[in-house]
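**Q** Got a structure for you, written out below as structure tokens; questions coming shortly.
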Amino acid sequence: MIEPLPTEDIPKQSVSIVGIASRCAPHKLGADELEAIARRHYSSTPSLEKMLEINRKTRIDHRYSVFSSDHEHWHRPTIPSFSECDSLFKEYGIPLASAASARAIQDWGGVPDEITHLVAVTCTNTAHPGFDSVLCRKLGLKCNVRRVLLHGIGCGGGISAMRVAHELLLGSTQQGVPARALIVACEVPTVFARSELDIMDKTQDVNVAMCLFGDCAAALVLSNGIGHKASEQRPIWNILNCEPTQFDGTEDIAHFNVHDKGYHAIIDKRIPQLTGKCVPAGFQSLISSTPSLALEEKNYVPSNYGWAVHPGGYAVLVAAQDALGLTADDLRASYDAYRDGGNTISTTIIRILEKLRDEHKHGSNQKDKLVLAAIGHGITLETAILTRPGSSSYLHA
């Protein structure tokens, strides 16, 4: 019979965020630039004019692209093939991911060969081996780093990756061994912009995806705290819990489908309405599944928390704000990330965390606990709850 460990020998079950960085693509893509690209290649049609009207009203100041305005990608007469899109991701996306990762590692204060786990996520590439394999070599990670590559989860991918890394590091804690996880999200949707325009011209179905998505990479470093060194940053946030919720009857609401020229985004106009229903329900599920919070009624009040909501679009943020009874200031970092960059898919939630971290560094008064929420394909809502070091509910729930 195996004797249980004495309580004092059970490792403290906490996983912390100790490094954050993002790297948006170098070129700005404004509403005027997209309109010029569209009119260069296509004649006026009702669907094109409607898309361009939406494009002027997104409330996005600019998005980012790996392509400059004079790049061949925007001017060539033919649509890039799926194979060419794959090559473009490798040429432009992987350096973005490498830069964001290097900055996150620098922010953490450790060295690459101390990374024990790598959790990568993208929905804009499907190569084998995945970009995580290339990234290991570029960053100088150990050959036996535990790698996971996530795909097929869309805008929820940043929180999904955090959830997976969190659970992996808790496993290392149970073994009593040091663990540091690098989370990397990389999205280059403007690679598929030409094919998206072409599909819209052929089908005459208005596609708002053309107006929302931008290119970015972002990274986090997580630590289980075992073997902490003086050079390592102290925890920025501790992860209390992560909770995914898949909603029945929503399978046709959001897709990112494969076709012969790349990916085609389908974004249903019902998404803001669904956000207003899904996010409060997911929040209640998150709190009820967090033992250190579940028993007190006050913990089910959304306004008692800070918030980072993925900006699927402006209407999505407004719907979440209204449904949760929050103010625009409560979601200021989400609105700021949307204005500066638009929807950068799985990377966006990490950009928002970076903004909140920087605010806190400059003396911003923030609540001790922070709720993250992002709707991905499925529809699946990914949520997480973080807490500042030193606040109550420190231990993993």
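Cβ coordinates come from backbone N, Cα and C, glycine included.
Note that the structure is predicted; figures quoted are calculated from it, not measured.
Pasting the relevant annotations from Swiss-Prot:
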type	residues	note
BINDING	K50, M51, L52, E53, I54, N55, R56, K57, I267, G312, G313, Y314, A315	CoA binding site
ACT_SITE	C155	active site, nucleophile
BINDING	G214, D215	substrate binding site
ACT_SITE	H377	active site
**Q** Work out the three-state DSSP category of A315 (CoA binding site).
**A** helix
**Q** Counting across all protein chains present, how many other Cβ atoms fall within 10 Å of the Cβ of G214 (substrate binding site)?
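**A** The answer is 26.
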**Q** Would you kindly give the Cα-Cα distance separating G214 (substrate binding site) and K50 (CoA binding site), rounded to the nearest Å?
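**A** Distance (Cα to Cα, whole Å): 20 Å.
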**Q** Of the recorded positions I267, G313, H377, which one has its Cα closest to the Cα of G214 (substrate binding site)?
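**A** For G214 (substrate binding site), the closest Cα among I267, G313, H377 is found at G313.
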**Q** Write down the Cα-Cα distance for C155 (active site, nucleophile) and A315 (CoA binding site), rounded and given in Å.
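**A** Checking the Cα atoms of A315 (CoA binding site) and C155 (active site, nucleophile) gives a distance of 16 Å.
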**Q** Using C-alpha positions only, work out which of the recorded positions L52, I54, R56, H377 is nearest to C155 (active site, nucleophile).
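**A** If we rank L52, I54, R56, H377 by Cα distance to C155 (active site, nucleophile), first place goes to H377.
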**Q** Using only the residues recorded as binding CoA (K50, M51, L52, E53, I54, N55, R56, K57, I267, G312, G313, Y314, A315), report the maximum Cα-Cα distance in Å, whole number please.
**A** 19
**Q** Can you give me the Cα-Cα distance between L52 (CoA binding site) and D215 (substrate binding site) in Å, rounded to a whole number?
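**A** On Cα coordinates alone, these residues lie 20 Å apart.
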**Q** Look at each of the recorded positions, K50, R56, H377, and point out the one with the fewest other Cβ atoms around it within 10 Å.
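**A** Counting other Cβ atoms within 10 Å of each of the recorded positions K50, R56, H377 gives the minimum at R56.
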